[in-house]
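Novice: Below, the features straight out of Swiss-Prot:
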BINDING   75, 108, 222  Fe(3+) binding site
DISULFID  26-60  disulfide bond
DISULFID  35-51  disulfide bond
DISULFID  132-228  disulfide bond
DISULFID  181-207  disulfide bond
DISULFID  204-213  disulfide bond
DISULFID  271-284  disulfide bond
DISULFID  374-411  disulfide bond
DISULFID  384-402  disulfide bond
DISULFID  478-551  disulfide bond
DISULFID  506-678  disulfide bond
DISULFID  579-596  disulfide bond
DOMAIN    23-364  domain 'Transferrin-like 1'
SIGNAL    1-18  signal peptide
């Protein structure tokens, strides 16, 4: 009796513990409200979930590894990133599939489709054919074919370091195939994209619109590649099984056959061994993309069943209405929301089942091209390494490597001496770096919704009569701090360039020009005024709040010299810009800063040496990474706080990257030279 009682108590306690099971779901901080709304959804399961905020999915993986969270939804590429984290014990324990193919082992399988009578019996004979692809950088139409073809001796080598890895790919494909259709953005830089499409134009010649070679195109995408094959004189198409079956009206999973004008008997799958298989039968796939799913640390296996059931019930609850949390928190979608249990498996083994690791790790032939980014702190080194693995997982090449030096100047010297390829500088340091280390700018940060550089601007109150610089002589001025481009360097350069003041003793002369008094914060600091000149006029208009916008608001000044990034402090109904960059002067609204300003401000800029890698190679990885993450900062927020530090590698305020135009750089050099004559640069 006592034994039965103890057994009953033990079972009751076990049930209670199971009922009280709780799990920590990691979610990008931007989606915390959505996660909390999800927690309010009633389910049969009484398992408790807790939302743990992280910077992004990359940080979520670290949180799971460190037991700060238990699990996180991931893509196959994230599984690869997870496999590279030291001392990790991740397991993939649930898959996200489609209702159409709930039992399919993979999300999709890559196939080659050819005309049945095409005289071909091995993959080498693909050389010289007319090829149809889904689009550049896509899995079944681009990445997987390249992974397969580069193993063949007849495929051109892709290790020419005089051009970028991406151009190596395009050059090889254009040499191997007679004509093709490969639409999309070949480069994140518009000029490079245009140049490549001109040079390798026959990679576009099979498209509906060869001159554009971009989406939308009738011969792009999964079905478009098959249309290209069937109706546009194509000889081989690279696509996936499910769309091949749909194209020919064949049943797919739970979806029955449907009428089609296409005849499957006229086409065949081309297998890796060179044999052909009927379209109506089992496809011979040679690589696949795994399903998305949930990844957790090994400890979740001890109490896996209740967690799996909870996730399934939440997925079922959200399937009809697709609330925000459905996608943003659980990672489900309109098509992919069937949650299936799988045998828990290590991420790398999960990818290997589909031969997908090989696709991710596809190289270009030894020696692999590497771009070395120089950084100056341990935190920046950690971020650089995280960026490197993430970019590699997303097929962004060249490989990013990280070099650490103890100062900005040491990094610039490292680039000059070919110890690294890239280093960043802020503001007018870009011109100084060019002069001292013989470097040149490659790309820079852009800001705001419009993704533009910042500009030095002159703000005045509406109703005033100022239209050009001469109208301000003898007036009062407000400035951003002494060390800033917008507050000091730009207005000084403008006044000197317009011969409104002399370049000798230029700061003192600035005070003479605005003889009504100024507020230039920091002008009286010993390091800024080593000779101890009388700069009282330049401090005369400063109050308890020395910000330029407060100075103008309180009528302590007639004009404020600030950055366009500061315009949010000004009421557009009360203030306007003075267009000093226009010969006729004039005024414009605050939002017109790109065309009404004092000068473009140099952003944080990355510089390179002239004698080593091409600028296109150097810029491709950072620009591609920025382009990919522009709409998906939840994957990796490269502009956000990193390990509780701000402005690591990129400024927090940045919204993207852009190549630096030579003309803009020449202007910065001119400004630098003029300001140097004042002894300021």
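The chain as shown is numbered from 1 upward.
Placement of Cβ uses the backbone N, Cα and C atoms for every residue, glycine included.
Tell me about the setting of these features in this model.
Specialist: If you draw a 10 Å sphere around the CB of residue 222 (Fe(3+) binding site), it holds 22 other CB atoms from the protein chains shown.
Sequence-distant contacts (6 or more apart, same chain, Cβ under 8 Å) of residue 26 (disulfide bond) comprise 52, 53, 54, 60, 63, 64, 68, 69, 70, 71, 72.
In this structure, residue 51 (disulfide bond) is part of a beta strand by DSSP.
Sequence-distant neighbours of residue 132 (disulfide bond) (same chain, six or more apart, CB under 8 Å from its CB) are 180, 181, 206, 219, 224, 225, 226, 228, 229, 232, 234, 236, 237, 238, listed in sequence order.
Secondary structure from DSSP puts residue 181 (disulfide bond) in a beta strand.
Its own atom aside, the Cβ of residue 204 (disulfide bond) has 23 Cβ atoms within 10 angstroms in the protein chains shown.
A simple way to gauge crowding: the CB of residue 284 (disulfide bond) has 18 other CB atoms within 10 angstroms, across all the protein chains here.
All protein chains shown were included, and the count of other CB atoms within 10 Å of the CB of residue 411 (disulfide bond) stands at 26.
The Cβ neighbour count for residue 384 (disulfide bond), using a 10 Å radius and every protein chain shown, is 20.
The 10 Å shell around the Cβ of residue 551 (disulfide bond) contains 24 further Cβ atoms across the protein chains shown.
Taking all protein chains in view, 22 other C-beta atoms sit within 10 angstroms of the C-beta of residue 678 (disulfide bond). In the three-state DSSP scheme, residue 678 (disulfide bond) is classed as coil.
Look at residue 579 (disulfide bond): DSSP puts it in coil. Non-local neighbourhood of residue 579 (disulfide bond): 585, 586, 587, 588, 595, 596, 597, each in the same chain, at least six residues away, with C-beta under 8 Å from its C-beta.
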Novice: Highest CB neighbour count within 10 A among the disulfide-bonded residues 51, 181, 374, 402, 478?
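Specialist: It comes out as 181.
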Novice: On a count of neighbouring CB atoms within 10 A, which of the disulfide-bonded residues 35, 60, 207, 271, 506 is highest?
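Specialist: Of the disulfide-bonded residues 35, 60, 207, 271, 506, the highest Cβ count within 10 Å belongs to 60.
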Novice: Return the member of 75, 108, 222 nearest to residue 271 (disulfide bond) in space, with distance defined Cα to Cα and candidates limited to these binding-site residues.
Specialist: 108
Novice: For the disulfide-bonded residues 213, 228, 596, work out the Cβ neighbour count at 10 Å and name the residue with the minimum.
Specialist: 596
Novice: Which one is it, among the binding-site residues 75, 108, 222, that lies nearest to residue 506 (disulfide bond) by Cα separation?
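Specialist: So, of the listed binding-site residues, the one sitting closest to residue 506 (disulfide bond) is 75.
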Novice: Express the distance between the Cα positions of residue 108 (Fe(3+) binding site) and residue 204 (disulfide bond) as a whole number of Å.
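Specialist: Rounded to a whole number, the Cα-Cα distance is 26 Å.
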